[in-house]
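Positions annotated as domain 'HPt' by TrEMBL: 1-107. Positions annotated as phosphohistidine by TrEMBL: HIS47. The region 'Disordered' annotation in TrEMBL covers 133-163, 193-282. Positions annotated as compositional bias 'Pro residues' by TrEMBL: 221-239. TrEMBL lists 240-276 with the feature compositional bias 'Low complexity'. According to TrEMBL, the feature domain 'Histidine kinase' maps to 325-529. Per TrEMBL, the feature domain 'CheW-like' maps to 531-669, 689-820.
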Amino acid sequence: MDDMDEIVREFLVESYENLDQLDQDLVELEKSPGDRALLSSIFRTIHTIKGTSGFLAFGRLERLTHVGENLLVELRDGRRAMDESSTTTLLLMVDAVREILASIDATGAEGDVAVDPVIERIRAVLENRHPTPAAAPLTADAPADGTNGALTDGTDGALTDGTDQAADHAASAFAFLAADDDVAFVPEVASPVEPAGLPTRGARALPVRTPRPEPTASTPSPSPEPIPAPPDPSPPATPGPADASASADPTSPADPTSADPTSADPTSPADPTSAARGSHETSVRVDVDLLDALMRQVGELVLARNQLKLLAAEAQDPALTRAFQRLSVIAGELQDGVMKTRMQPIYQVWGKVPRLVRDLAAVTGRKVRLDMIGGETELDRTLLEAVKDPLTHLIRNAVDHGIEDTDVRVAAGKNQVGVVTLRASHAGGQVVVEVTDDGGGIDPGRVAAKAVERGLRTVEQVAAMSVPELLHLLFLPGFSTAQAVTNVSGRGVGMDVVRTKVEAIGGSVDVESTVGAGTTWRLRIPLTLAIVPALMLEAAGGTYAIGQVGLQELVAVEAEKVATVIEHIGSAPVYRLRGDLLPLVGLRDVLGHGSFRDTDGSLIIAVLESDSHRFGLVVDRVLTTEEVVVKPLPARLKAIGLYAGATLLGDGRVALILDGPSIARHALAADAADLEEAVIEEEVDHRETEEMLVAGVGGGHRVAFPLALVTRLERLRGVDVEHVGGREVIQYRGAIVPLLRLQRLVGVEEERAGGELLVVVASRGSRTVAITVDEILDITHDDVAARSLVDAPGLLGSSVLNGRVTGLLDWHAALLSADAGYFDEVLDEPGAESARTADLVGV
């Protein structure tokens, strides 16, 4: 590659970065038209592209940016307001510039990109200028007749005057390459302009063609005289508005500026804002392929470290152990350092979001504000590229589906400006990205109706689903709640693709929505896919790894309890984990090496979460945890669909890395309908029922109260009951606990009077009460919906439990009877009043 090709390539890289920044800056400038520094930065960026394109003989690009520069001059000088029309026009220019750059990148030439319509639109805006200024002119003293040294519209064509080209190129990123001794120059002035960061060949100013120079702050008078130096001898990292605009003005080369050519990057002289970010002095460009190669070598080093770990453990040589420990520390630090080179802030993906939201708001006719929080959160650059499309689709959904029309929002009492919030943060070794809107939310009933209408689910299936499960139907292929198909959305292919792409990089996507309040889409993405912490497992004699990102916990089931705790719904095994049904998948079953149900020993269950659902992976043995280097799979293994990659173990063996979501889909496919229906039914029952302790209180009467309140069952002697102030109490674990005779509360005779007492110790918050009963009959579930009210002392209602009508204890009445000061004491606690109110409403 010759020098010119290298220059073009660097020009393209720099220009692409500048255009991405321009999208953000123009949208921001529309919101803050008085931001002079921002306008100066935009002007310098366009001027840099224009000057360099002229030097490289890209005439169409130079002509387009020159006309855009004329519009920016009017904005800069306060002769035009920065309104929606101006912003849209400049954004169209940026799009056209991007198309030309893409053509140059692909073919080396500008191609046939249509720039004339964009140029005509810019000229139309210039010819119909509105004199109302958006802000004061950026120059210190604007010319009285409006002349500011800008080239007139008559020069919108390609520049042909050699001196004019030299003036423009001197301010461009590669102007030092164009400098030539044959170029004429005017005599020195007291403080000649030196484009920031350019190597100079003496202080000199290039000629400018102006019909009548005016003595302004940006144009020296015909008789040069010294200009006083600024109070601060050291130049600021970012010039002030006046200086910035003056130095960026292509027609004012003799404008005095204070710039230190030795402190800026020669590749971007016209962009002092980059120097303000402090990046040029501390960073360099490194080829991505070089970083990838370095990462691969670090991966090999990690593998070698794992091998040495085994050798050191077997040799039991103290010297070798110390050497390995030192090597392990160095390898770990090197790994962290190389990983950091691959990490990039997520705001690099968010850069185009403000422009996207603005354009969509214009198309839909809505008013939308974008808030971005946590843009500095870092993510592996490979994953950063992978989430661009999913994020773009979620943003489009939020504006098009989420935010309501202005009149609808006003009628609902909302602010007419909708808010879309983009938030990123680290949580549990993952990056969590949320897209939230304050729109109308998603109606689960409408989702259910659409699913039935499109034949994706039956009426019976959607009737048994919870709200989160209904919302997850949005990820089904072909599902859409849009009323009509537009060029924005409505074809039902978006959310399915979002989930597929996120899961392909080991992530997950979830949705939460409240009707009338808004919707949140949540992406969980691993920090990196190169070297990941993994749990090493064994099944059927083979060693496997599974990433710890989706691993929630490990559960060991003793051999003698396996037969009782493992239940079956149809043919699908499940395990009841803290009251929830956990579908079980045997790794042996998946691999085709028998079944875990055939074993007589204990079970080890790895509880995994995938796509907002949990399942248990039954393995033979858990070996250890270690960092593994993810290697790509050959095509045949990848086609199986159960593995996310492979890795080398310390002993040289290959271990396959299991893909949790794929295993769940594969293993549960056969029983999916029955299992899903049974689990949903169980969950519904669990939500609508309450576990109750049923006790007999004499005379055939049965009373039940919530098992969740029961702390312990005790047997007491009658002599253990003491009296304080006319109330019965007992001493229980160092505390004085009031005693409640449940029989008396409900108005029946005690069958155990004077003898041994059977006591149920129940607690609520900081209060404990001992309740006497005659016998404990059963623990069962009560259907809340089937309860009936009853007007009886100490009871709040009745229910049919195990075929018998059973009274339901009025818990508050019981506490009040045992301890009259209960409510007074509770109300003294912070937040207790609202809690009590909620409890009473529930009663």
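Cβ atoms are placed via backbone N, Cα and C, with glycine included.
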Secondary structure tally of the domain 'CheW-like' (689-820) (DSSP, helix then strand then coil): 22 helix, 75 strand, 35 coil
Within the domain 'CheW-like' (531-669), residues counted as helix, strand or coil by DSSP: 30 helix, 75 strand, 34 coil
Residue distribution over DSSP helix, strand and coil in the domain 'HPt' (1-107): 91 helix, 0 strand, 16 coil
C-beta crowding around the residue listed as 'phosphohistidine', within 10 angstroms: 24
